[in-house]
Amino acid sequence: AFVSRRASAEVVQRQKRNYGSGSSVYGAPRDPLEAKREVCELSPDCDELADQIGFQEAYRRYYGLV
């Protein structure tokens, strides 16, 4: 019923991951356009145009260069 601390630590030991600097999700690289995509989604006009012609073109028309 009882296990020593060392034995329990060996059983529960987790693998360490390389998360990298600046990653928001564990192990997943952050999309550089994600912040701009969120800005476009908050504007109803930009969001609707993005559905028709794509995010990058809609953002360029409303806010300038991507």
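Just so it is clear, glycine is given a Cβ too, placed from its N, Cα and C backbone atoms.
Predicted automatically and left uncurated, TrEMBL annotations should be read as such.
Sequence annotations record features per position, and here TrEMBL assigns Ca(2+) binding site to E34, E38, E41, D47. Around E34 (Ca(2+) binding site), a 10 Å sphere centred on its CB holds 10 further CB atoms from the protein chains shown.
Neighbour density for C40 (disulfide bond): within 10 A of its CB lie 21 other CB atoms from the protein chains shown. According to TrEMBL, the disulfide bond annotation covers C40-C46.
Positions annotated as domain 'Gla' by TrEMBL: 32-64. Restricting the average to the domain 'Gla' (32-64) gives a pLDDT of 92.
If you look up TrEMBL, you'll see E34 (among others) marked as 4-carboxyglutamate.
When Cβ atoms from all protein chains are considered, those within 10 Å of E38 (Ca(2+) binding site) total 9, not counting its own. Under the heading 4-carboxyglutamate, TrEMBL lists E38 (among others).
For E41 (among others), the entry in TrEMBL reads 4-carboxyglutamate.
Of all the binding-site residues listed here (E41, D47), it is E41 whose C-beta has the fewest other C-beta atoms within 10 angstroms.
Long-range Cβ neighbours of C46 (disulfide bond) (same chain, at least 6 residues apart, Cβ-Cβ under 8 Å): V39, C40, A58, Y59, R61, Y62, Y63.
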